[in-house]
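As recorded in TrEMBL, the features of this protein are as follows:
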type: DOMAIN; residues: 12-75; note: domain 'MrpA C-terminal/MbhD'
type: DOMAIN; residues: 119-181; note: domain 'MrpA C-terminal/MbhE'
type: TRANSMEM; residues: 6-22; note: transmembrane segment
type: TRANSMEM; residues: 27-47; note: transmembrane segment
type: TRANSMEM; residues: 59-78; note: transmembrane segment
type: TRANSMEM; residues: 90-108; note: transmembrane segment
type: TRANSMEM; residues: 154-172; note: transmembrane segment
Amino acid sequence: MIDILINVTLLAFLAVTAVAMVRMTDLFAIIMLFGIFSLLTAGLFVVMDAADVAFTEAAVGAGISTMLMLATLALIKGNQEKKPLGRRPWLPLAVVTVTGVALVYGTIDIPNFGDPLAPPHTHVAPYYIEQSMTDTGVPNMVTAVLASYRGFDTLGEVAVVFTAGVAVLLLLGSRRKKNNSAVDKEDSHDS
């Protein structure tokens, strides 16, 4: 019962935060609300016993993404212009409504969360439990699932994190080169 109450509370906070983000016009406030939204999502993942996903969401969504957006905002703050709002808000509303209806329709057949009779619990999980040692030779079942059965998924996640790290290093490296070249130009003018 308490889990349902926590889930409903977190979902209500998520909905309020999402509506507030859509209604805001100040970019700084929107970025802060985005960080709060990611942190609330991480809390929801913790309640659903997905701690690994919660750590990733908290680190990437609430941490790194918020920091990068704030840094970008600091760089473009002076160049910001107010553009007049369009006169056709019905088109985006229609697209969002159709997408929402399609998503709700798609979730009708999903089994309840934690249902022991759901297909993953009746077919996939027992196979992993019974056959992971013989199939992979790895004594730890979690390692066997992540490295063997879901190897391509794990490789994809590693590739995404690696690509993000390289992108950040490239961005920081180009900024350092600009700062160093500006310092070199000042030194040459002073001489």
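Cβ atoms are placed via backbone N, Cα and C, with glycine included.
Bear in mind that the values here come from a model prediction, so they are computed numbers and not experimental data.
Shown for the domain 'MrpA C-terminal/MbhE' (119-181): DSSP residue counts in helix, strand and coil, namely 58 helix, 0 strand, 5 coil. For the transmembrane segment (59-78), the residues of the chain that approach it from at least six positions outside its boundaries are 27-28, 31-32, 34-39, 41-42, 168, judged by C-beta separation under 8 angstroms. In the predicted model, the domain 'MrpA C-terminal/MbhD' (12-75) shows an average pLDDT of 88. With a cut-off of 8 Å between Cβ atoms, the residues of this chain six or more beyond the transmembrane segment (27-47) that come close are 3, 6-7, 10-11, 13-14, 17-18, 20-21, 53-55, 57-58, 60-62, 65-66, 69-70, 73, 80. Across the domain 'MrpA C-terminal/MbhD' (12-75), DSSP helix (H, G, I), strand (E, B) and coil residues number 58 helix, 0 strand, 6 coil.
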